[in-house]
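Provided herewith is a single structure, encoded as structure tokens, for subsequent inquiry.
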Amino acid sequence: MADYDYDVLIIGSGPGGYVAAIRAAQLGLRTACVESRETLGGTCLNVGCIPSKALLHASEYFDAAANGTMAKMGIKVTPELDLLQMHAQRIDAINQLTGGIAFLFKKNKVTWLKGRGAFVDAHTVQVGEQTVTAKDIVIATGSSVTPLPGVTVDQKVVVDSTGALELDKVPEHMVVIGGGVIGLELGSVWRRLGAKVTCVEYLDQILPGFDGDIRKESNKIFKKQGIAFKLSTKVTGVTVNGDKATLTVEPSAGGPAETIEADCVLVSIGRRPNTDGLALEKAGLTVNARGQIDTDHRFQTTVPGVWAIGDVIPGPMLAHKAEDEGIAVAENIAGQTGIVNHAVIPSVVYTWPEIAGVGLTEEVAREQATKNGGEIKVGKFPMAGNSRAKTNHEPDGFVKIIADAKSDRVLGVWAIAVPAGTMIAEAALGMEMGATSEDIAYTCHAHPTHSEAIKEAAMAVRGKAIHV
Ligand code: FAD
Ligand code: NAI
């Protein structure tokens, strides 16, 4: 048997890679992790989940003071924005959390190899001047922003998500290209801080992949908050003149063009897997038509000993999906059975209110049931009927549960509610355990909590909600 430098080498230290590294080390494997950034934690901790939530959280307070919500509760304040401090607390969150991963690497004896990794062969990776060998190699290189052809991101007037997290002043007019998760979260941040925000979306609805009712209702809520939408519209060009941009847009299906003036343009039309410069061919690997690395259910690629997880493989590009795959791949490499149930991965948009879902949308559940000669039942409960939401002045949104009509097994749960991201964990656990809507309806939920809306939606599946 060959003598390797490490048992496991992981390329990339995002939530997929760093979790895989820690788990592998916990399982007694000699582990190293290659990372080219200055700090560990990948997109998520450095320029993704964490900094965006730091700005979302802070701007929620500003908005509550500015839009009269606090005054409604007897607190009169006129907020004054200290953007420098808002950024400082964002940077502090990043530093604390990325430093935390470095601490966990030391604690678990994971070696951090600083630099870009590229395959030499299936068991060898070049990192700078160094050549490192390992019995198993995990590709966890994540993803980066998808460029829009013909539009140059200068991170001043035309920004991607990273630039939009670091703006040094509130734009007068921000145009967001793409009504997906990033566009809505970061568009909300700058709208709350005073920018006029226009969202240009190619499709006829925002939030592709979410349940149809949720997409419609979210659009209404964002409009009410002041975001303007141009749906079924594509951007055909952006020209920058000094600190102003002119966008040319036209109907997605073709038609007369018009122009929009802005002082900030956010390009957020999706992300693509990072495989450039990895020299995958030297390991005997190729990518699929979407540029992703295909694996089997154990996260093994077509080359024995080479594994892949996270944004670089198919599936939703989410930190918690990458983390779960990180644990599973380490367990599989160690000879255990690591499994991820891809049917139960929650999605959350961290706006106000939050938007969350897990499992099938009503559209997909109905289509699948019809194909199999079955039926579905749907229960809905409005947050306006939930005592806690009402008391907190948070009447927007609803919870919706989709169940199989015959077995009553829950197939999907969707919610728009201020703490929907936290509420959805209950639904994910229930679905993981094979819960029926009756199981949820007869589970005691604490009062007064927003989560009672989940219980009521479960009751509504069989026509029995109380508070409507
Ligand atoms: P990444 O986090 O992308 O990490 C990959 C790492 O690999 C990077 O650090 C990169 O530098 C390194 N790397 C790449 N190639 C090499 C190489 N050749 N050699 C060495 N190192 C390399 N997801 C959520 O679930 N919740 C959220 O709230 C959320 N918010 C987001 C907000 C924004 C603005 C963005 C952009 C993304 C957000 N995401 C969110 C998505 C989430 O960040 C990703 O799904 C997640 O980070 C993917 O993890 P990963 O480990 O696969 O890859
Ligand atoms: P997205 O895939 O969520 O949305 C992109 C949107 O842009 C879609 O609605 C699409 O129809 C639209 N679009 C595509 N091309 C267009 C064009 N030329 N003109 C106008 N619209 C166009 O991608 P987004 O928002 O960039 O996010 C990338 C990834 O990051 C997502 O997959 C998401 O999973 C992840 N993410 C997750 C977050 C969370 O979990 N809260 C937060 C932020 C990002």
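Just so it is clear, glycine is given a Cβ too, placed from its N, Cα and C backbone atoms.
So TrEMBL says this about it:
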type	residues	note
DISULFID	Cys44-Cys49	disulfide bond
BINDING	Lys53, Gly117, Thr141, Gly142, Ser143, Asp311, Met317, Leu318, Ala319, His320	FAD binding site
BINDING	Gly178, Gly179, Gly180, Val181, Ile182, Gly183, Leu184, Glu185, Glu201, Gly270	NAD(+) binding site
DOMAIN	345-458	domain 'Pyridine nucleotide-disulphide oxidoreductase dimerisation'
ACT_SITE	His447	active site, proton acceptor
Report the largest Cα to Cα distance, in Å and rounded to a whole number, among the residues Gly178, Gly179, Gly180, Val181, Ile182, Gly183, Leu184, Glu185, Glu201, Gly270 that the record lists as binding NAD(+).
14
Just checking: which of the recorded positions Cys44, Lys53, Ser143, Leu184, Glu201, Ala319 have a C-beta under 6 Å from ligand 2?
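Among Cys44, Lys53, Ser143, Leu184, Glu201, Ala319, near ligand 2: Glu201.
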Around the C-beta of Lys53 (FAD binding site), how many further C-beta atoms are within 10 angstroms, looking at every protein chain?
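Neighbour count, Cβ to Cβ under the 10 Å cut-off: 15.
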Restricting to the same chain and to sequence separations of six or more, state which residues have a Cβ under 8 Å from that of Ser143 (FAD binding site).
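Ser143 (FAD binding site) has long-range Cβ partners Thr43, Arg271, Arg272, Pro273, Asn274, Asp311, Val312, Met317.
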Distance check, please: Cα of Cys44 (disulfide bond) against Cα of Ile182 (NAD(+) binding site), rounded to an integer number of angstrom.
13
Among the binding-site residues Gly178, Gly180, point out the residue whose Cβ has the most other Cβ atoms within 10 Å, with all shown protein chains included in the count.
Gly178
CA-CA, which of the recorded positions Cys49, Thr141, His447 lies nearest Gly180 (NAD(+) binding site)?
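Sorting the recorded positions by distance from Gly180 (NAD(+) binding site), the top entry is Cys49.
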Filter the candidate list Thr141, Gly178, Gly180, Ile182, Glu201, Met317 of binding-site residues, keeping only entries whose CB is under 6 Å from an atom of ligand 1.
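Only Thr141, Ile182, Met317 qualify.
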Long-range same-chain neighbours of His447 (active site, proton acceptor), Cβ under 8 Å, sequence gap at least 6?
Ser387
Between the binding-site residues Met317, Ala319, whose Cβ has more other Cβ atoms within 10 Å than any of the rest?
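The residue with the densest Cβ neighbourhood is Ala319.
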